[in-house]
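Taken from TrEMBL as is:
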BINDING   E135, N216  S-adenosyl-L-methionine binding site
BINDING   N216, P217, P218, Y219  substrate binding site
DOMAIN    2-55  domain 'Release factor glutamine methyltransferase N-terminal'
Amino acid sequence: MASPRADAEQLAAFVLGVGRARLLLVDAMPAPAAERFAALVRRRAAREPLQHLTGVVGFRYLDLAVGPGVFVPRPETESVVGWAIDALRRAPAGPGGRAAARADGPTCVDLCSGSGAIALALATEVPGARVHAVEVDPAALRWLRRNVAATLDGPPVGSALGRHGGSAAGPPGGSAGEACAGYAGGSVEVHEADVTGQPPPSLARLAGVVDLVVSNPPYLPDADRNAVEPEVGEHDPARALWGGADGLDVVRAVVALAARLLRPGGLLVVEHADGHGGTAPALLRADGRWVDVADHTDLAGRDRFVTGRLAGPLDRKDG
């Protein structure tokens, strides 16, 4: 276990209903709370994920509900979505940059949406973003719809900064922007669909008009099944983890679907395993439809995600 003290502090804060930073102000833990805390510590010692015990995970400016049946978003993905958000904000007017110029905001698709972390970050930080969240697993869909309803249809979920150890300067991999859920006026439409199959009509109607496709697909090679931590292998859904022999089976499907959905000049952002820093960009270049292909590292310096732009009529398709 990487951080037992920090996990224990978060569990204590959860039981007491205070922020972790305020634990020093607590004189004593009442007996009922102490019993509950001890039970949670035992479960955490058995490698049940901290986020399953508290029922929440902090992601950028959001608190998202998570539990059994849905992949728990990781901090590395904050850098992925941060790059995507900054790219949308930087986009110039004109060909390849119409998203920034339109008053109604960009059209975005989050493939393999899971809990909705990426989709909701886009909707709450990019003004007017129209986000389409695509997920196939029934259990994950329940968490996705719950988070969309809590974040956009009801009172704002609120800032995750105090509870989850963030910084007032904002999350990694992106600018501070609109820090509270719902303030950017975006929307999220949920689609039940398998990215490896034929898209349903609700998604097919987006063909050729999408400004951004972003995805955190299953990407772990099957050979790693015995190497992952218990929190991952025993609790994250297998469907959200494993990507075939080389880990790129679903990535290939995502790239193919993105090429159908994006407009010329539209952006693709795909998270991958740290061992895919060479193979993921090579996959896009070999496809022949992508330009400005680049790979990016996370905050730990590990290869983490690949980006590319769908070639338009004036682009040389030489990667």
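Going from the start of the chain as shown, residues are counted 1 onward.
For all residues, glycine too, the Cβ spot is worked out from N, Cα and C.
Any TrEMBL annotation is an automated prediction that lacks curation.
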Model confidence over the domain 'Release factor glutamine methyltransferase N-terminal' (2-55), averaged pLDDT: 92
Remaining residues near the recorded substrate site, that is with C-beta within 8 Å of the centroid of the site residues N216, P217, P218, Y219: C112, S215, A240, G243, V250, V251, V254, V270, E271, H272
Neighbourhood of Y219 (substrate binding site) by C-beta distance under 8 A, where only residues 6 or more apart in the same chain count: G243, G247, L248, V250, V251, E271, H272, A273, H276
Cβ neighbour count (within 10 Å, all chains shown) around P217 (substrate binding site): 23
Rounded inter-Cα distance in Å - P218 (substrate binding site), E135 (S-adenosyl-L-methionine binding site): 12
Whole-number Å value for how far P217 (substrate binding site) lies from E135 (S-adenosyl-L-methionine binding site) (Cα to Cα): 10
Count of other CB atoms lying within 10 Å of the CB belonging to P218 (substrate binding site): 21
Proximal but sequence-remote residues of the same chain as N216 (S-adenosyl-L-methionine binding site) (Cβ under 8 Å, at least 6 apart): P73, T77, V80, C112, G114, I118, V270, E271
Other CB atoms, at most 10 A from the CB of E135 (S-adenosyl-L-methionine binding site): 28
